[in-house]
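The compositional bias 'Acidic residues' annotation in TrEMBL covers 1-20, 224-239. If you look up TrEMBL, you'll see 21-31, 252-265 marked as compositional bias 'Basic and acidic residues'. Here TrEMBL flags 1-51, 197-288 as region 'Disordered'.
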């Protein structure tokens with residue numbers, strides 16, 4: 001992935017004044033804060049010193065690119081962010097209008113380079129991450145090329161060795177087993193659990209020796225009331241059987257009268273028979 005150098009997007013020089021609206025010094029130079037519209041269509045807003053961009057400022061190119069950062073005598077110098085027309089951007093250190101020092105470049109394909117720069121080039125120690133494959137190169141760069149001792153790490157293996165013009169010259173390749181890291185916790189103490197069984201208090205017998213029946217509980221709906229009514233009816237019937245009533249006396253009395261009448265009737269019959277026999281004995285046998 002090539003880098004777009006800011007040399008391809010040259011800013012207007014100090015002699016291309018254009019329109020200016022801002023502070024000036026006694027000599028009439030742009031000095032302090034101001035806004036400028038340059039003849040090529042670029043714009044700048046920020047600090048000036050003796051007619052030059054100096055300090056913090058924002059430079060917008062007509063192509064859509066822009067730089068936000070520090071200037072020293074019309075040159076990008078210090079820390080700054082440059083956003084290129086293709087959408088890539090560099091965030092880091094600048095020197096003499098070039099990417100130089102430590103910085104991060106974000107490419108349009110989501111690759112990234114993090115490390116040292118010199119004269120717009122990846123130079124020194126740095127890490128390049130390949131978004132498409134998930135691999136990364138960690139090692140030395142020379143003038144934008146992978147060169148020197150480095151490590152190329154892939155998803156399931158890695159290569160360690162010496163690179164020359166982006167190719168591994170000699171080295172060792174090793175398989176890497178990827179393991180899923182599972183969070184673990186350490187218990188400070190372990191307590192054994194026991195099942196809890198409720199114990200009911202023993203019921204004490206009453207002092208007088210009688211057993212009290214339990215009153216029906218709230219559960220059971222209306223059935224206990226019906227049982228109570230049946231017990232009440234049964235008790236009344238038992239009371240009728242155990243207690244002599246007027247019906248029994250009338251029955252006994254009636255039975256006595258019947259017995260008396262039977263005795264009188266049988267007595268009359270016997271008396272009649274006696275009289276008939278006496279009369280018959282007096283008349284004798286009658287002729288046929």
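Using the three backbone atoms N, Cα and C, a Cβ is placed for every residue, glycine included.
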Which bits of the chain, at least 6 residues beyond where the compositional bias 'Basic and acidic residues' (21-31) starts or stops, bring a Cβ under 8 A of a Cβ in it?
48-52
Within the compositional bias 'Basic and acidic residues' (21-31), residues counted as helix, strand or coil by DSSP
0 helix, 6 strand, 5 coil
